[in-house]
Amino acid sequence: MSLYRTFTADDAVEYARQYGGVSQPQTLVTAEEIGDGNLNLVFKIKDEAGISRVIVKQALPYVRCVGESWPLTLDRARIEAETLLTHARFCPQHTVTVLYHDPELAVMVQEDLSDHRIWRSELVRGADYPQAAAQLGEYLAQTLFHTSDFYQHPHEKKAAVSQFTNPELCEITEDLFFTDPYIDHERNQFDAALTPDVQTLRDDRALKLAVAGLKHRFLSKAEALLHGDIHSGSIFVAEGRLKVIDAEFGFYGPMGFDIGTAIGNLLLNYCGLPGLLAPREAAAGRERRLEDIRTLWQTFSARFLALSESDCREPALAESGYAALFLQQVWLDAIGFCGTELIRRTIGLAHVVDLDSIQETDARLACQRHVLSLGRTLVLAAPHIADVDALLARVRQSGA
């Protein structure tokens, strides 16, 4: 019989007292439910002074934004905790600390990050964290390299692929990224004024063939343990610091998916800034986003190549020059996946405030059309975008 029950605020406080690692657990007295995502309950556990000390996160057995009509496995809580613990082995400085997790209750206690801010919110208001892109590139390099065939023994890797099999959450990604936006589906959400633009995408056979190839790679390439949902809303930043959270979509998949999703969210902000800020501030912010993209990729690729020189355990993959060839394919994948992220965040189920918070209707529609056009371009032109300089040139040429 399952021990699972949905936590109340009082349950969360009591759980944090037991498992939060606080020196004086009796000082934990209140819980504030802060979850604004689609899948979980999230509580800030506060002491008598009102200071948040730890976070208690519990998976719900359904998609929160839809309700019980869309059930979900609770095993995703185990996968999230084990993904974060695995990533923390190789990049502790940029992975949220998991203090305790219980698969039966689908609950996890993790460090409080109240001194950090959600990166997406900071980007939307025009704030700059100049080290964040390099730190994210470091996180991606360390976690993807050390969970790949370059580092893991084949037996260990095959066991890990099984351990992190995540079919229900992967199905959500498969549908929301690669299927729903290109058909008439009830989950899609977009302004009626975009209907002609959406229909143009759905009628574009070349685009849909390219998206089919991306979906096939997502389904079949078990290259490394991905975060699986690495967007600017799952990243916390502070002065000189960055922490990645929310890894319930973790699974073994193509490295380019994590990288492309991260780049895609920087481009969503790039496209939205003209509708969010005054012209001069928007122009400056856009230049920073392009520099962030350059820094992210250059940091990732340089670190990955360095690790392949120093830590590769597979003799065949250690052959001089192979890692660089491999990264060329990762880059190609990343550009394509980036394009699908742009499209699905504009006309699919899960939108972003980088676009939706633009108050003026015409400005918002212009930014959304820019995103759709750029997303299509990246999906189709990925084989011809050889490096990050070529990507940034394409973005600059995309207008708006």
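Backbone N, Cα and C define each Cβ position, glycine as well.
Note on GLU248 (ATP binding site): other Cβ atoms within 10 Å of its Cβ, all shown chains, come to 26. The ATP binding site annotation in Swiss-Prot covers ASN40, LYS57, GLU111, ASP112, LEU113, ASP246, ALA247, GLU248.
For ASP229 (substrate binding site), other Cβ atoms within 10 Å of its Cβ number 23. The substrate binding site annotation in Swiss-Prot covers ASP229, ARG344 and is backed by sequence analysis.
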For each of LEU113, ALA247, count the other CB atoms within 10 A of its CB; which of these binding-site residues has the top count?
ALA247
Compare all C-alpha positions of ASN40, LYS57, GLU111, ASP112, LEU113, ASP246, ALA247, GLU248, the record's ATP binders, and send over the largest distance in angstrom.
18
Which is it, of LYS57, ARG344: the one of these binding-site residues whose Cβ has the most other Cβ atoms within 10 Å?
LYS57
